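K.L.:
Straight from TrEMBL, here's the annotation block:
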COMPBIAS  299-309  compositional bias 'Low complexity'
REGION    299-318  region 'Disordered'
TRANSMEM  21-43  transmembrane segment
TRANSMEM  81-101  transmembrane segment
TRANSMEM  113-134  transmembrane segment
TRANSMEM  140-160  transmembrane segment
TRANSMEM  181-200  transmembrane segment
TRANSMEM  220-239  transmembrane segment
TRANSMEM  246-265  transmembrane segment
TRANSMEM  271-291  transmembrane segment
Amino acid sequence: MDLLTDVRDSTLARRLGSPTWLRRLAVLSLVMNIVIIITGGLVRLTDSGLGCPTWPQCTPGAYTPHPALGVHGAIEFGNRLITFILMIVALITWISTLLYRRADRTPDRKLRWLSFGIGVGIPFQGVIGGITVLTHLNPYVVALHMLNSLVLVTLATWLVRLTWPAPAKEVGPRARLLSMITFALAWVVVCLGTVVTGSGPHAGDVKAVRTGLNPLDVSHVHSFSVYLLTAATIVSIIVLRNRAAVLLLIIELIQGGIGFAQYFSGLPIQLVILHIAGAAGTIALAANLLYSVRLKRPAPNTASSAPSPHVERRTTNA
């Protein structure tokens, strides 16, 4: 115990466990989880999904790409390396939550478990990435790979909210339900977006299979879900009146503009990669909206909590 106390009382530990450093690490965790989504999209858009033809090694007998694999091997290997950077960030963040103490000097178990969950989710995500390679970029496994990354973005956003000094706004049950519906619609949008991707031309490799669905039909369904999300967000702005809803609407409008532009311009890589980044940003801001409000706690009923005169009388007589 004395050794543990000495470690916690050291200058480095006090700095790492401070609210400021914990907040910075939470933001870094969120940013890096979005970055790896973008680099993963770059892997797919440059047909580098099989740049390393096996997993966990890049080629049989080697973890690094052979020069013969060219730029595709370098891109895929670089994306794999980012996973290790993510794991280091997650580990340091978890240590920070272990050292962190609230104003009353008690630990915050929610922060600890949340950072631990993010840390566990990263290697799990790496395994799914390996399965995408071993299944030769099966579109449904690729979609799962993307969605799992977005789960980590959601958790990282929650971590940022918990470390941020601004408290969540208390709202009624209907307003809270509205934030949950908006968040759920954001997930419907990105799930349908992965289906559109699995049906389109950017498969990650020229030989990768597609879903077989009609890209035009799937795109229309995806667009309809975007309209629903936008409508729900506008209602959220009116009802909740907070900045989180406004930020979500802004990224939805930008994301929608990019989506239409890429659709009518033949899906150029530059616009598609922006659309992928926008999807990650949409989920992050939808999660931010969800966590920016909380259900209003009922006021304590002082009348019911006061002892009855009969109880007082019996107590006095006793």
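A Cβ is built for glycine as well, from the same backbone N, Cα and C atoms used for every other residue.
Walk me through the surroundings of each of these features.
P.N.:
Beyond its flanks by at least six residues, the transmembrane segment (81-101) meets 8, 13-14, 16-19, 21-22, 25-26, 28-29, 32-33, 35-36, 39, 107-108, 111-112, 114-116, 118-119, 122-123, 125-126, 129, 159 of its own chain at Cβ-Cβ distances under 8 Å.
Beyond the ends of the transmembrane segment (113-134), by six or more residues, the same chain brings 29, 33, 40, 49-50, 52-56, 80, 83, 86-87, 90-91, 93-94, 96-97, 141-142, 144-145, 148-149, 151-152, 155-156, 158-159, 162 to within a C-beta distance below 8 angstroms of the stretch.
If you look at the transmembrane segment (181-200), the same-chain residues 6 or more away from its ends with a CB under 8 A from one of its CBs are 44, 139-140, 142-143, 146-147, 150, 210-215, 218-219, 221-222, 225-226, 228-229, 232-233, 236, 245, 248, 267, 279, 282-283, 286-287, 289-290.
Residues 174-175, 178-179, 181-182, 185-186, 188-189, 192-193, 195-196, 245-246, 248-249, 252-253, 255-256, 259, 289 of the same chain sit 6 or more residues outside the transmembrane segment (220-239) yet have a Cβ under 8 Å from a Cβ within it.
A Cβ distance under 8 Å defines the sequence-distant neighbours of the transmembrane segment (246-265), meaning residues of its chain 6+ beyond its ends; these are 182, 186, 219, 223, 226, 229-230, 233-234, 236-237, 271-272, 274-275, 278-279, 281-282, 285-286, 288-289.
Within its own chain, the transmembrane segment (271-291) is flanked in space by residues 30, 33-34, 37-38, 41-42, 45, 149-150, 153-154, 156-158, 160-161, 168, 179-180, 182-183, 186-187, 189-190, 193, 202, 233, 236, 240, 242, 244-245, 247-248, 251-252, 254-255, 258-259, 261-262, 265, which lie at least six positions past its ends and keep a Cβ under 8 Å from the stretch.
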